[in-house]
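Contents: one structure, followed by commentary.
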Amino acid sequence: MAADSDDGAVSAPAASDGGVSKSTTSGEELVVQVPVVDVQSNNFKEMWPSLLLAIKTANFVAVDTELSGLGDRKSLLNQCIEERYKAVCHAARTRSILSLGLACFKRQPDKGEHSYLAQVFNLTLLCMEEYVIEPKSVQFLIQHGFNFNQQYAQGIPYHKGNDKGDESQSQSVRTLFLELIRARRPLVLHNGLIDLVFLYQNFYAHLPESLGTFTADLCEMFPAGIYDTKYAAEFHARFVASYLEYAFRKCERENGKQRAAGSPHLTLEFCNYPSSMRDHIDYRCCLPPATHRPHPTSICDNFSAYGWCPLGPQCPQSHDIDLIIDTDEAAAEDKRRRRRRREKRKRALLNLPGTQTSGEAKDGPPKKQVCGDSIKPEETEQEVAADETRNLPHSKQGNKNDLEMGIKAARPEIADRATSEVPGSQASPNPVPGDGLHRAGFDAFMTGYVMAYVEVSQGPQPCSSGPWLPECHNKVYLSGKAVPLTVAKSQFSRSSKAHNQKMKLTWGSS
């Protein structure tokens, strides 16, 4: 629980708090432990004030969900976005949210330009209406530590669709979502279209029939903007891959380099929770990259490209995210060296000054790989694997179709946040970054971290009345598309009736 002071502010953690990122005199970063507060029916009322305080004082809130399934994968990748929206709506009406992750990031300007206090919550939920749960979803979630016995015994109950009477003053998940809207904070997600649709149907109101009406509603619900870290990672940070674990670890590493160089960098602090809350807090480790890592025989091409492997923990190849990023960076550096050598030879042959020859691009991240029609429908939920923009070595390219067929046959609906390892309680004594990280609360933290780092990497923002990070403002990633979904209210779209009624309730009772 966040420590509440008399004036309603969140108290800062002590300087010696184990959750604070620190550096030794030798420059080696200590292990960072991220506290994730578990919220269930048995402590929901106790945590309610802290949840509200964290949301209201945050500068932005990152959200993630675990779902009971998604239904027909092919429809979810329909080239017609309107039809795709209808397919996601059908899934949201027939499936449920099993857990909700919230990560609230509050700026601490007195501690640095890019310093945040992060509070992370993992809410276990239980829909009280009939819903579909898919076997592959169950298998995947159990493999990554989801406790279904605990969910059915202690999940916070909720109902979907429209309100049943005046619920605005009750302590419920639906009211918590209403408080998130009232806070008028930027909402951050990763590959967030599915999350947005499920959040609306499960905690807000019945979904509108058209995508235009849905985006018009969203525009009014979140006036500070909706941000998608997959869009930011792929189109602005230009990472080689953009699945969540890769983007998070890449940002961590780049941030560490900037800190070591004395450049502007992101710093985080976490609340120093009392020992009485120990049973409700799950600490997740963020390890610094190993400088001398034993290299296995090979990296798993599937996991490297898509963030998911059908063999899971039984895969004999490496799923080490740091090793994958090391390999990508080495390949990119080799490519730059070869490009410079070609330029030098061409200049020598043409006897030209050192200007860049035509056809040679500037140094930068590896060129994006366009997947187009080769996308397989099973490669989706919060991530569609074929959308991952890897610049694979030749050996990977040759096996790409086989990998995709393997995914089509065996992949569960959740991929973007999937990791290859067993839950933390069964992890090896020498964990690899990413080991057992898959959880709505920690995924929300990773999502928020990526967005905070993108802010740092873009440099000082001009003082204006415009939106935060305008390049990413109200742009939601669309799998298989070169352009994002823009969240805006067009002159041809009206807000839905259910939304208008909800808005009156929201602001009339605030």
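Glycine residues also receive a Cβ, built from the backbone N, Cα and C atoms like all the rest.
Range 491-510 is the one annotated as region 'Disordered', of 251-270, 491-510 (source: Swiss-Prot).
Swiss-Prot lists region 'Disordered' for one of the ranges 1-23, 70-92, 208-230, 461-483, namely 1-23. Over the motif 'Nuclear localization signal' (335-347), the average per-residue pLDDT in this prediction is 82.
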